[in-house]
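The annotation substrate binding site is assigned in TrEMBL to 7, 65, 141, 142, 143, 144, 174, 175, 176, 196, 197. What TrEMBL lists as divalent metal cation binding site is 32, 34, 65, 174. Residues or ranges marked as active site, proton acceptor in TrEMBL: 34. Annotated active site, proton donor per TrEMBL: 174, in sequence order.
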Ligand SMILES: O=C(CO)[C@@H](O)[C@H](O)COP(=O)(O)O
Ligand SMILES: [Co+2]
């Protein structure tokens, strides 16, 4: 089954606890939490007090997507607020290897995220060190955007790199994922699908999560 990590960004923030409860009762593998700083991306979302509140009611691991400049400054804060996996952007780190090592030293899984225009080939010298690669299939900063089809080619090329290097890294896709875009992603080798709008704008969010997870 495909792993699904529903993004709380698309949920009703006045009912965040209920949204976490919805994910708890579904077949989701993780809960995707989007942190934005207004610098790396134009938008500002949520910070550590809110992540702590989410983690108090979450029954699935928190997959924390850091869309912030120099995310290495916040490793202890992500861990202390309940992060299980901390994903940092390749484009936001001056010393990516140091940040990935520090995330592991803090006791978390480590992921690296790529913007749509960043080639997967740049991961050749870090792929052995990460647990997950997050490929953005929209430009980061906002939910509800249109899926960028070039992502399919990136997934295939990354899957080949992972096989050639005998890496255990998982491939996660984030942005514009729904029942129309997911099948080609799964066929290309994606392991984890993030879905925000598709889940939380659906009349039956649990059904939407489970439908995605049953695709692959
Ligand atoms: O990281 C981001 C946006 O920057 C995502 O996690 C979005 O929250 C996904 O939302 P949808 O495209 O599924 O609505
Ligand atoms: Co995200």
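The backbone N, Cα and C atoms fix where each Cβ goes, and this holds for glycine too.
What TrEMBL says about a protein is an automatic prediction, not a curated fact.
Using the Cβ center of 7, 65, 141, 142, 143, 144, 174, 175, 176, 196, 197 for substrate, the list of other same-chain residues with Cβ within 8 Å runs, in sequence order, 9, 10, 34, 138, 140, 145, 194. Listed in sequence order, the binding-site residues from 7, 141, 197 having a Cα within 10 Å of the Cα of residue 32 (divalent metal cation binding site) are 7. Sequence-distant contacts of residue 34 (divalent metal cation binding site), defined as residues of its own chain at least six apart whose C-beta falls under 8 angstroms from its C-beta, comprise 7, 8, 9, 45, 46, 65, 67, 143. Each of the binding-site residues 7, 197 was scored by how many other Cβ atoms lie within 10 Å of its Cβ, and the smallest score goes to 197. Between the binding-site residues 141, 176, the minimum number of other C-beta atoms within 10 Å of a residue's C-beta occurs at 141. In sequence order, 7, 32, 65, 113, 134, 135, 136, 137, 138, 140, 194 constitute the residues six or more apart from residue 174 (substrate binding site) in its chain with CB-CB distances below 8 Å.
In this structure, residue 143 (substrate binding site) belongs to neither helix nor strand by DSSP; it is coil.
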